[in-house]
Amino acid sequence: MKRCCEGVGLPCLFKGVGMATPRPPRFLLVFDFDETIVNENSDDSVVRAAPGQALPEQLRQSLRQGSYNQYMQRVLAYMGDQGVRAGDFKAVYENIPLSPGMPDLFQFLSKHHELFEIILISDANMFGIECSLRAAGFHSLFRKIFSNPSSFDKRGYLTLGPYHSHKCLDCPANMCKRKILTEYLAERAQEEVEFERVFYVGDGANDFCPSVTLTSADVAFPRKGYPMHRMIQEMEKKQPGAFQATVVPWESAAEVARWLQEALKKKC
C-alpha cells in the first residue's frame, strides 16, 4: 500500500502540482452526526418544536419499552398530532449548533476535497441531517449520507423508519454502522476505488462498533470523554493491542484538521 503522494498519481498537498485528469481520493473520512458534527443530539433538539418545548412524561418514559428508533417514531407522531409541521422541524434542525471547531475542519476538507472521500453514517434521520448540513453550507462535501429514512406523510407528519436489519448484537436493531461501513468499502473496492487510510470521527457507542474494524493504517477520532472514547480506552486496558487503529481524541474538531494537515505534510 503506497503511503506517499508520489507514486499514486496524485498531487502533493503542499506542492500545488496540477493534474490533467481527476483521480480517486486517497482517503475515506467517515463522520457521525449527533454530538459529532453538531453539538447536540438532534433527536433531543427537535423537541424544541413541540408545544412548551417538552414531551408528556408518559411519552418520555416509553423509551424503556423498545428501541430508540421506535421511541422517536412515537415522539414524531405526538408532535404531528400537536400541529408541528415541516417548517417547524426545519427551523430547529437549521439552528442546531455545530460542534466546536467543526467549521474549521469542514473548511480544511473543502480546500483539499480531492484527497478525501467523505461519508456520513448516523442513527438520526435523513431530513434533519440534510437540513442541518445545507444550512451550514457543507452538504456538498459528502459523497453519501447513511441515515434512517424520514419523510412527511399526507397529514404533514414527519415519519421515521429503520435504516436496515442486521445480526450485530452490540447495535440497536435499526442500524449497525459496522455493517454499513464494511459494505461501503466492499462496494467501492468493486468500483476499483481503494483507500490508503480510513479516518473515523465519532462520539457514541454505536461508533465504537465500526471503529473496531479499522486497521493499523487507519485513525479513529473519538470525541474526548464521550462513549466511543471510553469504550476504546476500556478495550485497550482489557486487551492491549486489540484496538488496531491509531486513536486521536478531540475536544475541538480543529484538532482533527491539524492532525490531518500534519499527517499529509509527512507524506509529501
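Backbone N, Cα and C atoms are what each Cβ position is placed from, and that goes for glycine too.
Keep in mind that TrEMBL annotations are predicted by a computer and have not been checked by a curator.
The structure displayed is predicted, hence computed values, not measured ones.
What TrEMBL records for D32 is active site, nucleophile. Cβ neighbour count for D32 (active site, nucleophile): 27 (other Cβ atoms within 10 Å of its Cβ, all protein chains included).
The annotation active site, proton donor is assigned in TrEMBL to D34.
Per TrEMBL, the feature Mg(2+) binding site maps to D32, D34, D203.
The Cβ of D123 (substrate binding site) lies under 8 Å from the Cβ of D34, Y68, N69, S147, N148, Y163, P172, N174, M175, K177, N206, each of these being in the same chain and 6 or more residues away along the sequence. Look at TrEMBL and you will find D43, D123 tagged as substrate binding site.
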Where D43 (substrate binding site) and D32 (active site, nucleophile) are concerned, what is their Cα separation in Å, rounded?
14
CB within-chain contacts under 8 A for D203 (Mg(2+) binding site), separation at least 6:
D32, D34, E35, T36, P222, R223, Y226, P227, M228, H229
Using the structure shown, find which entry in D34, D43 (the recorded positions) has the sparsest Cβ neighbourhood within 10 Å.
D43
Can you give me the residues near the recorded Mg(2+) site, meaning same chain, not D32, D34, D203 themselves, Cβ no more than 8 Å from the center of the site's Cβ atoms?
F33, E35, T36, I37, S122, G202, G204, D207, R223, Y226
